[in-house]
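Enquirer: The following block contains the structure, expressed as structure tokens.
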Amino acid sequence: MIVRWRFGAVFLASFLAVQPALADGQPAAPPLQPSDSWTAIRDDVAAPGEIRDGAGLYAIEAPMRAEDAAAVPVHITAAPGAPGIRKLTLVIDENPAPVAATFEFGAAMQPLDLEMRVRVDAYSNVRVLVEAADGNQYMTGRYVRASGGCSAPAAADAVAAKASLGQMKVRWFDTDPDGRREAQVMLRHPNNSGLQRDQVSLLFIPADFVDTLAVTEGDETLFTVTGGISISENPTFRFRYHPNGAPISVRATDTDGGVYQGSFPVDS
């Protein structure tokens with residue numbers, strides 16, 4: 001099944017946008033804490049070799065205590081002059097599926113500035129593992145206090161979610177002084193984790209989540225995502241990039257065989 005969508009103001013008005021990772025007055029999450037879970041999965045997640053401390057080069061912002069464990073905002077950035085990011089793995093140590101997503105970025109996305117929402121199932125380190133252009137691995141992260149995010153009921157009922165499945169929109173914001181644009185890709189999808197229960201029957205809802213998403217600008221790849229159950233319902237990614245003037249195209253697939261795609265001229 002291939003679905004193509006383009007929607008305007010009504011779609012935007014009804015879509016939950018990415019909120020700032022830190023609301024006014026909200027304390028930032030503390031740095032990474034010792035983790036037996038990370039020790040257990042490290043060799044499966046990271047490439048062999050040294051993992052360097054990424055503090056000062058790469059950063060992740062997240063709230064110390066999440067208001068909604070099913071939609072925890074995170075903001076990942078690279079400092080000016082930091083080595084370019086070839087691959088980034090977002091890991092939530094205590095989640096049932098710890099690897100939340102793996103990203104690959106094109107040159108137009110450097111230096112990285114990316115926001116998204118994730119599910120956090122228990123008090124956990126939320127870490128970014130970077131494979132950098134200088135050949136090294138770096139890691140940084142935050143410790144987030146949240147629980148139950150992977151099993152929390154969906155915000156929309158199943159009928160409404162099915163009716164809007166695959167709707168997508170790209171929204172643009174102002175141009176930065178350095179010429180970069182800020183944009184937001186939004187996709188309607190319940191991203192069922194397989195751990196949520198139907199609120200009427202109390203049976204588990206089968207897992208069905210967005211497993212790949214690619215964002216391109218003309219012939220140039222901005223970023224690709226390989227995702228899992230830890231990405232929040234209605235995935236949304238807000239980012240800065242160097243524009244070339246071409247339309248932005250989005251293509252996503254889910255684990256139920258769905259294919260969703262659209263093309264969006266700049267400022268459409």
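Backbone N, Cα and C define each Cβ position, glycine as well.
Annotations in TrEMBL come from automatic prediction, not curation.
Checked TrEMBL, it gives:
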type   : residues : note
DOMAIN : 56-150   : domain 'Ig-like SoxY'
DOMAIN : 178-263  : domain 'Sulphur oxidation protein SoxZ'
SIGNAL : 1-23     : signal peptide
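Tell me what's around each of these sites.
Expert: Helix, strand and coil counts under DSSP for the domain 'Ig-like SoxY' (56-150) come to 3 helix, 52 strand, 40 coil.
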Enquirer: For the domain 'Sulphur oxidation protein SoxZ' (178-263), what's the mean pLDDT in this predicted model?
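Expert: Mean pLDDT for the domain 'Sulphur oxidation protein SoxZ' (178-263): 97.
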